[in-house]
Amino acid sequence: MCSGNQTSQNQTASTDFTLTGLFAESKHAALLYTVTFLLFLMALTGNALLILLIHSEPRLHTPMYFFISQLALMDLMYLCVTVPKMLVGQVTGDDTISPSGCGIQMFFHLTLAGAEVFLLAAMAYDRYAAVCRPLHYPLLMNQRVCQLLVSACWVLGMVDGLLLTPITMSFPFCQSRKILSFFCETPALLKLSCSDVSLYKMLTYLCCILMLLTPIMVISSSYTLILHLIHRMNSAAGRRKALATCSSHMIIVLLLFGASFYTYMLRSSYHTAEQDMMVSAFYTIFTPVLNPLIYSLRNKDVTRALRSMMQSRMNQEK
């Protein structure tokens, strides 16, 4: 009876995947773990604080900050889907993940990645409307339009996750079940399949092109028009204000699209599994740390709102 149960448990365990993690081959695993944990806490605190500020401060109830709060929410979810499992696994020594857990991780990762790409396009259109169409801005970017744009971003991201996750998880994995990543990422998982996935890889590549092409067109068109208007401005102060309004967003666009292009569109023969893991760590851990810093330190409205909130809290304590 016990023997039968043990066999059943071994068979069940054999279906689990093993995540390599960031610390597997490192000689300074403890130091790397500490740095990752601190970055995780910084990202959680920074994005949560940014969301709290935007929703509690009436002066920040504008379309631009509404989109920034959604970006911060996506970054928070990104972190919570991928990083805690890796950190806990390093402490407990259990780096395994079940197929269902792997599928859930992959679905949320694809959903959030897709939604964030479209959200950046919506933010670029918002900047175009603010800089190039200031008189029509209240009409073009009213509350209903902003809510519809954000809802569309989430829906399109979910479509991406619902399309790719079931197909990826349906492939047989009869070779090593060791995923060379710290979370269940589609390219890393496909390398474990013992069936021919060349057609699916091509379809995934085309899907990525479609997912990235529309946002890239919107973003590039918006900023081309903005730069054209800035070039025609006579006022140096007006130029600086317009550039400051858009520069923060452009930094985030370059970071995310660069990482997405590298991971999903560059041929796998041009990069190693270790390089893939570093890029994944960059846009999963480092970018959520940078986003609040970029949008707060470079933004007088946010810093003013933060000082106001801290002063009100101090007055309440007195």
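Just so it is clear, glycine is given a Cβ too, placed from its N, Cα and C backbone atoms.
Under the topological domain names given by Swiss-Prot, S56 lies on the same membrane side as T303.
The transmembrane segment (278-297) shares the most Cβ pairs under 8 Å with 31-54, out of the stretches 31-54, 63-84, 106-125, 145-163, 201-224. The transmembrane segment (145-163) makes no contact with the transmembrane segment (31-54), as judged by fewer than three Cβ pairs under 8 Å among residues 6 or more apart in sequence. Note on the disulfide-bonded residues C102, C194: the fewest other CB atoms within 10 A surround the CB of C194. Non-local neighbours of the topological domain 'Cytoplasmic' (55-62) in the same chain are 69, 301-302, 304-305, 308-309; each lies 6+ residues outside the stretch with a CB under 8 Å from one of its CB atoms. Counting residues of the topological domain 'Cytoplasmic' (55-62) by DSSP class, helix then strand then coil, yields 5 helix, 0 strand, 3 coil.
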